[in-house]
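Enquirer: Here it is, the structure in full.
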Amino acid sequence: MYIVWAVLAFSMLIVGHELGHFTIAKLNGIKVEEFSLGMGPKIFGFKGKETEYLIKALPIGGYVKMLGEEDNVNDERAFSSKSPLRRISVIAAGPIMNFILALLLFAIIAMNNGFVLPKINEVIDNSPAMESGLISGDNIKSLNGKKISTWEDFAMGVSLGKGENINLQIERSGEIKDLIITPRFNEELNKYAVGISPAIMEKPNFIQSVNYGVLQSKSLINQTFGALKTIFTGKATLNDVGGPVTIIKATGAAAKSGIWNLLLFAGFLSIQLGIFNLLPFPALDGGWIFLLFIELITRKKISDKIIGTLNYIGFSCLIVIMILVTIKDILRPISF
């Protein structure tokens, strides 16, 4: 049953992404021929006024097929007939919708459950925090010069520091103070910690919840780019990357721990999906946007043959990467 919830959660993110493309395409007067949830063989479908809506067998993606998307069509409603900026807006709408969806999910969670603040509630006796002079009520402003907007920012900073000294800036009674704290490895938690617990905003109003959604989304975007940096600089390996099997297992694990944890993970996954699709790689939305910016700057349309070749190569590479990561997921699974 948890796998069903996992698939439904992932499908919600795909629908949101494709709905972004679909909506902006319609607003730009582009004819959308197909709107599909899933890939592979058709399970169910119906024809609207001009769009065929489909559900397919493999819940691993989706797509919006527009008139003139793959070749030049002499029709004012074709994707290819629109200006580069209009086409960029259509392509970018999918990832942007993922960010908006994540923000809304985080805001809904906050409104119903409250959220933790980057503020100290309790300092544990004989902990690094107590030794450094931290006290209850301190607001955490920055860590090693980086602004702290959420408790997750602080926790991630401590974890990535791996026990090295941390320069912490806090606000206490309206006064800014700078402290140095050295985290210790906590055997029970299996990570570095400083010995504090966060304050909790128990009943936030609508504005506070939306603001939390914005801050949490921003925090996760920064963390994701940080993770990508470790991959591209060689600090991370294939063993640190999860594929489809890991995603389904992680979503299933979140579903087991309750609906709110499932929605929280869905928000996290939506951020990942949005950023992944914005990478300037052929066959991804970011690849399309990159080519359209070249067209915008040079004022010369890139030939369909070149675009088709690049997308074919990009898609083939993505398939190979997915296969490799899936094999890794099976042979060296991540535990949840």
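Placed from the backbone N, Cα and C atoms, the Cβ positions cover glycine too.
The following feature annotations were taken from TrEMBL:
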DOMAIN    102-174  domain 'PDZ'
TRANSMEM  88-110  transmembrane segment
TRANSMEM  258-275  transmembrane segment
TRANSMEM  310-327  transmembrane segment
Enquirer: Below 8 angstroms Cβ to Cβ, which residues of this chain, lying six or more residues outside the transmembrane segment (258-275), approach it?
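Expert: Here the qualifying positions are 5, 9-10, 12-13, 16-17, 94-99, 101-102, 105-106, 108-109, 112-113, 216-217, 220-221, 224-225, 228, 247, 250-251.
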Enquirer: Over the domain 'PDZ' (102-174), what is the model's average pLDDT?
Expert: 91
